[in-house]
């Protein structure tokens, strides 16, 4: 073909591509697949909606009652529906907070090691250990802390022992969240910092960590939400109390899961109301933490999209 002919061919308008309509067989397959996935979604959604409806319907009266959030059960008889869950809510937040104080620094340092320094056998062993720890049941973590902290070292049951068990459950979540966020930081930023003569540790602290911090904070909040409802550690490692205990290292301390378990043995109607009220309170706490994590992710995403 001559050059002139090729130029003329290029000057011709491009004909629109004509798509053939889907055959009946393909339309049927698409309809079947759409119906299957929608049905699966509805089937998975029904238990969740039903659970929330039952808990809200049965616990709403308790959580909206005066004094529920500001009073404890000190001096309240089993047949009386009085007081509130202030002592249990305080214990839940304190135990999760102490666990976070211990687990977050250790988890973040482990994540930094795996992403920035980890090579060879040590890195593989650490990754394998974190994976195994992520699948450990809460009762196993509680029994381990009981055998080491209480039976072997001689410390008494306390909220701090519960926090140690929660650390074992939080640690793999924090490590994975930190590792994923650190890997999302572009290597070009690290290389540019190294080219300017900045040491590696200062590059991590001044450049890598601030960029990954919103995602890391979100992962930390999700790890806290994962452990606030754990029941096995509080059943094994601490006793129940009807009043507030400010000492983390000594004495019994109530929590929302422990309050639910204790009130289940109360045959009075007041116990029934407290059980469902505590369950709804626990759901509200977990939902609030998850909402905070989602808001942090949303704000961080919007800041990245803003023009410079």
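Cβ from N, Cα, C; glycine included.
Marked as domain 'ABC transmembrane type-1' by Swiss-Prot on the basis of sequence analysis: 89-297.
Counting only same-chain residues 6+ beyond the ends of the transmembrane segment (36-56), those with a CB under 8 A from a CB of the stretch are 276, 279-280, 283. Residues or ranges marked as transmembrane segment by Swiss-Prot on the basis of sequence analysis: 36-56 (among others).
The transmembrane segment annotation in Swiss-Prot covers 96-116 (among others) and is backed by sequence analysis.
Remote same-chain partners of the transmembrane segment (132-152), defined as residues 6 or more beyond its termini with a Cβ less than 8 Å from a stretch Cβ, comprise 161, 164-166, 168-169, 171-173, 176, 230-233, 235-237. The annotation transmembrane segment is assigned in Swiss-Prot to 132-152 (among others).
With a cut-off of 8 Å between Cβ atoms, the residues of this chain six or more beyond the transmembrane segment (155-175) that come close are 91, 94-96, 98-100, 102-104, 106-108, 110-111, 114, 130-131, 133-134, 136, 138, 141-142, 144-146, 149, 219-220, 222-224, 226-227, 230, 232-234, 236-239, 245, 247-253, 255. Feature annotation from Swiss-Prot assigns transmembrane segment to 155-175 (among others); the stated evidence is sequence analysis.
Outside the transmembrane segment (204-224), and at least 6 residues removed from its termini, the chain residues within Cβ reach (under 8 Å) are 96, 99-100, 103-104, 108, 112, 116, 170, 173-174, 176-178, 180-182, 184-185, 189-190, 193, 198, 289-290, 292-294, 296-297, 299-300. For 204-224 (among others), the entry in Swiss-Prot reads transmembrane segment, with the evidence type sequence analysis.
The annotation transmembrane segment is assigned in Swiss-Prot to 276-296 (among others).
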Folded-back contacts onto the transmembrane segment (96-116), same chain, C-beta under 8 angstroms, at least six residues removed: 123, 126-127, 130, 159-160, 162-164, 166-167, 170-179, 182-183, 200, 204, 208, 216, 220, 223-224, 227-228, 248
